[in-house]
Structures are given as structure tokens and as C-alpha cells.
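**Q** Take this structure, written in C-alpha cells, and hold onto it; I'll ask about it next.
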Amino acid sequence: MFPTRLDSSLAYDIAKAMMDGFNRHYRLFRTESARAKHRFETADWHGQQRAQRDRIEFYDLRVRECFMRLAREFKADEQPMEVWQQVKLHYIGLLVDHHQPELAETFFNSVTTKILHHSYFQNDFIFVRPAVSTEYIENDESETSPTYRSYYPTHDSLAEVLVQMVLDFDLRCPFADLDSDAARVQAAMVEQLGEVKLRANFQLQVLSGLFFRNKGCYIVGKLINGFNEFPFALPVLYGRAGQLVIDAVLFGEDDLLMLFSFARAYFMVDMEIPSAYVQYLRSMMPRKPRNEIYNALGLAKQGKTLFYRDFLHHQRHSTDKFRIAPGIKGMVMLVFDLPSFPYVFKVIKDFYPPPKDTTREQIKAKYLLVKQHDRVGRMADTLEYSEVGFPRARFDDELIAELEKFAPSQLEISDRDGDGRIEVIIKHVYIERRMIPLNIYLQEAFDAGGANPDDTSPAALRAREQIERGVIEYGNALKDLVAANIFPGDMLWKNFGITRHGKVVFYDYDEIEYITDCNFRKVPQARNEEDEMSGEVWYRVGPKDVFPETFAPFLLGNPFVREVFMKHHAELLDAAFWQSHKERIQAGHVYDVFPYDQGKRFHPEISDAQVPSSI
């Protein structure tokens, strides 16, 4: 029975303690994000990387602190459900005029679900649905720190206004030639506008927070004229002389989607009202789910919450069944999907055939490494869930048999909540964006005649371009991973996927290593004919030894694939290439990475990146 009166002072005290816990969390999160500006101004790239890793751990630490306080001060796990119903209602009252209500609701869920039995995970006790609207919260924000600022240039004053817009961010380091950069941005904006009349509402809007990631920061906003809006971003980098430059102007949803890709590290942004940032960014990228925008802003737990709500909504409005995912089955992961839903679900198997030598804990550690690392646009982000329930009726019997065979410890089939509905409960699962596996992408092109030089049909020519594009992108992905100090371990085509933007992304993490932990060697010269003809490895191989020249037999069996690979990426088969980058990283060098095409850059001369394309 839902309470008609709030008469429990204990319930209020518990709610207040949880609100205090959330406010402490967001204060620390925001402080660390705001410090990114100083780290950028002092070119403290290693500090930026450390802060990125540390900030990811903040949420779980604060949840644990709050849970322990509730147990210690209020014996929270011993309180009756009547009290817990009132706790939620008091908490809702505390959210009135709060600037991060959606994050605070999620924090409440994270703490409460550590205390209550799963049968109480319903809207009476936790926030299954949001209770407080996030619309127009920014109407109450300080005039001195709005979510976004507006500028009203004329055709003649656009460059001058752009200069002022950049200076208003108060970066404490000089620009090499801001006037020249502003003139380039102006020219690009005029080209975007085309031959149109400037309307009464012609304006520039920019979000007040700078977006920091890697060695760059980004000014993000819109150019508005009449009924047209042009999303844009301005990357700000260090030039050769240690002075700042605007390196490009990115326009339109596709460029912004690349910048905010799920395969990139999270931004650091100082935000008073994160929902206002998400709403603004969503207006620029309407195809991007809100959960992925929260993730990109470093608010991963909110991203998980919204993803799960979207997933439940999709299940309610679809009828297809979960199935074993298409493609070559993995030795470590059992992968399944729902055809109508653009994600895959990955469960760690209970056992791994030779030559795999790993454990569940080691695999989880690899996935955590990727979560905390700079993914440079080449490693897919993952969402990690525990005790996830699916309707049994929606599971293909073949998939159930596969789970029972390879991951029985991770599977429970029961009426967990006692409501008469049988569920498939997965103890631990990773969820990733679905991509086309690169081996399937290439095979489709082979089947269309792309590797046959005698086939000159239009379909074969398109297929040949597909092969070339896939192989070049694969090599670029490997080089980008090198720049991020990542060695994939298993480099087979099947462990990489193609995104909707045509980028190759790595997604199989159980064998990854830091480049700096590997020893890259040439295969020794055979001592005699017997060694040369031997099918066995006759030389000593250490546990972290890598022989790049041995990649070729596994990757380059097709002559056309080999031709393209050797033309663009032959150095990947040379141990000296890998070893030289290892030594630079060990010496403290941090590579430049660019989430946009090299052709868009105003200052290509400042790059030390070894990749001649975007990442």
C-alpha cells in the first residue's frame, strides 16, 4: 500500500544521507573535470590521462561510501518496506530545484539496490522511471555561468566576433595567430551558409564548457540563420612553438558523431546542469541516443541507466528472439544479439580451449583496462551489467543450449520475482554496439568478385573498393592502437568491426597488452636446413614476445588483400616499427590523435601522428 502520509523521520534522514552522498560525488566529479582546463593550459598530458582513469572510479567509491554510512548509522538493511517507500518520496522532495536530478535518481538506485531484495526493484522503491523533469532547469542557472552563450555578428563582423568568442573561454596560454585562425573559420562558415541572406536571428551559440580530451580541447556550438542550424566544433591544439591554434572547423551531424563516438575516451567538461548539455548536444546529433551522450560526457552510470530503460522499452515493443550472433564463434566469449536491437551481448565462457590461457578475472581486467584507457576511436566502449533478466519466451532454444554448454555458471532460468514470469538471468554480461565483423565485410566483397582481377563488372569494382577500404582502415586502426600504447594480441580480421561511418574498430579484448609490456622481435635466422623446414618453433619465445613478420600468413592469404596491405601498411610486419613506438612511449611521448580527417586541418604541420588519416 502506497503511503498516504510521510511520518517517518528515519526515512527522511536516510534520504538526506543519500542526497549528501550524491552531492559529494558530483562535487568531486565536477572539480576533477574543471581541472582539465589547467592541465591543458600546462600541457600536462600524463596528468590528463591519470585524471581520466581516476574519474571513472569516482562513482563506485561514492556509492560504497554511502551504502556503508546507511548501514552504520541507520541499519538500513533492517528497515521495513514501509520506511523505504517513504525514503523515495522524501528523496523526491529533496530533488526540487536540484540541478542534477536525473543523476541523483540514478545514485539513489545504485545505493538502494545494494540494500533491497530484487523483488523490490520496482517504481514504489526505486526510480524505474524518472520522477523529476530535467526540462528548463537552466532557466534558474546563474547569469554569469549559463549553459551556452549567444553572439550576434553581422556579415562583416563575423571574424571579430569569433575572436571574442574564443577569448571568452579565458585559456591561460597565447594563440599563435588567432586572427588568422578566425578568418579561416569565418571562410568555412560562410561556405556552409551559402549564398543566403542573413536573417534577423543570425547568431553563434557555444556551450560554456570546453570539451577536453587527449591533447586537445573543443569549442562546441551552433551557427543559426533563419530556420537553419549548423552544428560545429572547433578543435584547439598546441602548435609547434607551444602556442595555441584552431586546427579545424567540424560541421554537421556526421562530424559531431565522429567527435562523440562510442569508440573514444570520455570528455572532461565542467557542467553545472548536465541534462542541459545533453539536450543541447542531442539537438545537434538527433541520431545519437541520449545514453551515449551521457557516456561521452563521463557520466557512464547515467548512460547505463538510460540504455537499460531504452532496452526494456524496445523489448516491450518488439517480438523477435535473442539468438547466437552471426559470425565466427569466439573461444572466450559467447555472443548473442536481438536482431532488431543494434547491440550485442557478450558472456564470458566458463572454460577456454587451448591455446587460450586465461581466467574470468583476467578477462574482466582487460575490459576494465579498455574502459579506463584512451580508446582513440579504435576500441568500442562496453556497458557492464550484472544479474540481467530477459524473458525466457524471447530466447531461441539454440541460444539457451549454447549458454548451458559454455557458460552454465552465468545462467539461471527461474521465476526470480515470483510473478509467474520465467526469466533467463545472466549473472554478468558486456554490451557493445553491433558492428559488421571485418571478416564478413571482406567476405561479402570476395563473394561479389572483388578479389578477381578478371571481373570488371560494376559490382566487382565496388567490391574491390570495399576490400581496399577495409584493409586500409584495418591498418590505420592498428597504427592508432599503437599510438594509444595498445597491442591487440589477436589481430585476426574477425576481432575487428566496421562502424556505420566506415571506421574499423577493435572489440575483442581478452588478449590485449600494453605496447610497452611487449618485446617485439625479428624471427631469428635458421641455424640449418632442418630448422628452416621444421613445422615447430625452434627458437626460444618469451611470454610477451611478438614477431610481427609472422602476422602475414594469418592475414594476407588473399593476393589482392596482400597487395593493398603491403602498399599502405607494410611496416606493420616489421618489428622495428613496433619497437620504435614502444621506445617513444616509454620515453614519455604522448601521440597526437585527431577525431577528424586530415584534409579538414588548418595546421597539418603540427602533427606527429604516424597515421595519414583520421581516427
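Glycine too: its Cβ is placed from the backbone N, Cα and C atoms.
Sequence annotations record features per position, and here Swiss-Prot assigns active site to Asp381. Annotation source Swiss-Prot lists ATP binding site at Ala325, Pro326, Gly327, Ile328, Lys329, Gly330, Met331, Lys346.
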**Q** Could you state the whole-number distance in Å separating the C-alpha atoms of Gly327 (ATP binding site) and Asp381 (active site)?
**A** 20
**Q** Can you see whether DSSP assigns Gly327 (ATP binding site) to helix, strand or coil?
**A** coil
**Q** If you count other C-beta atoms within 10 angstroms, which of the binding-site residues Pro326, Gly327, Gly330 is the most crowded?
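**A** Its Cβ has the most other Cβ atoms within 10 Å: Gly330.
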**Q** Would you please pick out, from the binding-site residues Lys329, Lys346, the one with the fewest other Cβ atoms within 10 Å of its Cβ?
**A** Lys329
**Q** For Asp381 (active site), what is the secondary structure by DSSP, using just helix, strand and coil?
**A** coil
**Q** Within 10 Å of the Cβ of Ile328 (ATP binding site), how many other Cβ atoms are there?
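**A** Within a 10 Å radius of the Cβ of Ile328 (ATP binding site) lie 13 other Cβ atoms.
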**Q** Can you grab the distance from Gly330 (ATP binding site) over to the residue listed as 'active site'? Cα atoms, rounded to a whole Å.
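**A** It is 19 Å, counting Cα to Cα.
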**Q** Of all the binding-site residues given, Ala325, Met331, which residue's CB has the most CB neighbours within 10 A?
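**A** When each Cβ's neighbours within 10 Å are tallied, Ala325 leads.
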**Q** Give me the Cα-Cα distance between Pro326 (ATP binding site) and Asp381 (active site), rounded to a whole Å.
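**A** Per the Cα atoms, Pro326 (ATP binding site) and Asp381 (active site) stand 20 Å apart.
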**Q** Could you check what DSSP calls Lys346 (ATP binding site) once collapsed to helix, strand or coil?
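**A** Its secondary structure by DSSP: strand.
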**Q** Roughly how many Å separate the Cα of Ile328 (ATP binding site) from that of Asp381 (active site), to the nearest whole number?
**A** 21
**Q** Among Ala325, Pro326, Gly327, Ile328, Lys329, Gly330, Met331, Lys346, the annotated ATP contacts, find the widest CA pair distance and round it to a whole Å.
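**A** Overall maximum Cα spacing for these binding residues reaches 15 Å.
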**Q** Spatially speaking, which of the binding-site residues Ala325, Lys329, Met331, Lys346 is closest to Asp381 (active site)? Use C-alpha to C-alpha, please.
**A** Lys346
